[in-house]
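Undergrad: The structure that follows is given in the form of structure tokens.
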Amino acid sequence: WGLMLVLSVAIYGSHAPLLTLCKVDGMIPFSSTSVVVLVELTKLMFSLLFLLTWNRELLGVAVSWRHVAPFALSALLYAANNNLVVHMQLFMDPSTYQVLSNLKIVSTALLYSLFLRQRLSKRKWVALFLLVAAGVSYSCGGLQDPGSPSKMQLHVTLVGLLLISVYCLISGLSAVYTEAILKTQALPLSLQNLFLYFFGVLLNLIGYFWSSAEGSFLEGFSSWVLVIVVSQALNGLIMSVVMKHSSNITRLFVISCSILVNALLSVTLFNLQFTLLFFVAVSCIGLAVHLYYGVT
């Protein structure tokens with residue numbers, strides 16, 4: 001568990017720096033939809049490999065459509081969320097998106113408590129709001145470019161606020177719904193992942209062709225893009241284990257702790273500097289972990 005969670009923190013934290021390393025003349029040279037399709041395909045192949053290696057006897061077992069159908073909705077929710085991330089940034093600047101997207105911590109916790117009937121104590125709610133505070137602090141200027149001392153200014157339209165609200169709702173709903181399916185079905189995780197990622201590949205392929213993207217499927221790809229694909233696929237598999245055997249709350253803490261990895265890589269690779277807000281964020285995360293897991 002410790003190794004998996006540390007690896008997941010490292011993957012979450014390295015995602016943004018890896019994207020920066022992929023840029024050519026300040027622009028992302030590849031199709032994000034292509035990357036999502038390849039990530040889903042990689043997860044599907046790994047799931048099939050696990051099934052063939054450890055659960056080969058299940059290949060001949062008859063599976064009801066009632067086991068398979070729920071994963072179609074789960075994949076649809078994830079696909080909708082991926083598309084929302086792209087479209088809503090047309091109505092706000094990236095900094096505003098980074099700040100407001102932290103609200104998905106609250107939406108996920110609320111839906112987790114409501115639909116999975118997991119009552120959270122006041123102390124645990126305080127811990128989760130501290131995670132939100134940590135994310136907002138870091139997004140508002142936890143790191144600073146010495147050559148750009150100007151303060152960050154947030155800009156968002158009314159449509160942007162509406163879209164970010166829908167994004168946070170779908171983000172929480174997709175995570176909690178998937179956790180509910182994984183835990184209520186008496187099927188091994190490798191088989192459940194096979195269903196989920198099959199629909200993930202199918203829906204994202206439809207989205208790719210629907211968008212009529214110009215250029216070839218692999219245009220702009222580099223070795224760094226392949227690192228992103230493999231790491232994101234591995235992280236998706238780890239998160240399925242977390243949701244099957246732990247909870248979405250653990251996933252929220254993993255994502256928040258990834259701030260530390262993101263900051264260290266950004267300082268090392270891009271010569272950014274820590275600010276006071278970074279240490280505020282670290283303090284909030286430390287206190288949140290202590291309140292949620294360390295106090296009895």
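Cβ coordinates come from backbone N, Cα and C, glycine included.
Okay, these came from TrEMBL:
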TRANSMEM  32-51  transmembrane segment
TRANSMEM  58-79  transmembrane segment
TRANSMEM  99-116  transmembrane segment
TRANSMEM  125-144  transmembrane segment
TRANSMEM  156-182  transmembrane segment
TRANSMEM  194-211  transmembrane segment
TRANSMEM  223-242  transmembrane segment
TRANSMEM  249-270  transmembrane segment
TRANSMEM  276-295  transmembrane segment
Undergrad: Using a Cβ distance cut-off of under 8 Å, indicate which of 32-51, 99-116, 125-144, 249-270 has the most pairs with the transmembrane segment (276-295).
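TA: Answer, by Cβ pair count: 125-144.
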Undergrad: Short question: which residues 6 or more past the ends of the transmembrane segment (223-242) have a Cβ under 8 Å from it?
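TA: For the transmembrane segment (223-242), the sequence-distant neighbours (Cβ-Cβ under 8 Å, at least 6 residues beyond its ends) are 4-5, 7-8, 11-12, 14-15, 18-19, 21-22, 30, 35, 38-39, 42-43, 46-47, 178, 182, 189, 192-193, 196, 250-251, 254.
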Undergrad: How about the transmembrane segment (125-144) with the transmembrane segment (99-116) - do they touch, taking at least 3 C-beta pairs under 8 Å (6 or more apart in sequence) as contact?
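TA: The transmembrane segment (99-116) and the transmembrane segment (125-144): touching, yes.
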Undergrad: Within this structure, do the transmembrane segment (99-116) and the transmembrane segment (249-270) have 3 or more Cβ pairs under 8 angstroms, counting pairs 6 or more apart in sequence?
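TA: Result for the transmembrane segment (249-270) with the transmembrane segment (99-116) is yes.
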Undergrad: Could you tell me what the rest of the chain brings near the transmembrane segment (32-51), counting residues at least six beyond its ends with Cβ under 8 Å?
TA: 58-59, 82, 86, 188, 190-191, 193-194, 197-198, 200-201, 204-205, 207-208, 211, 213, 217-218, 221, 225, 228-230, 232-234, 236-237
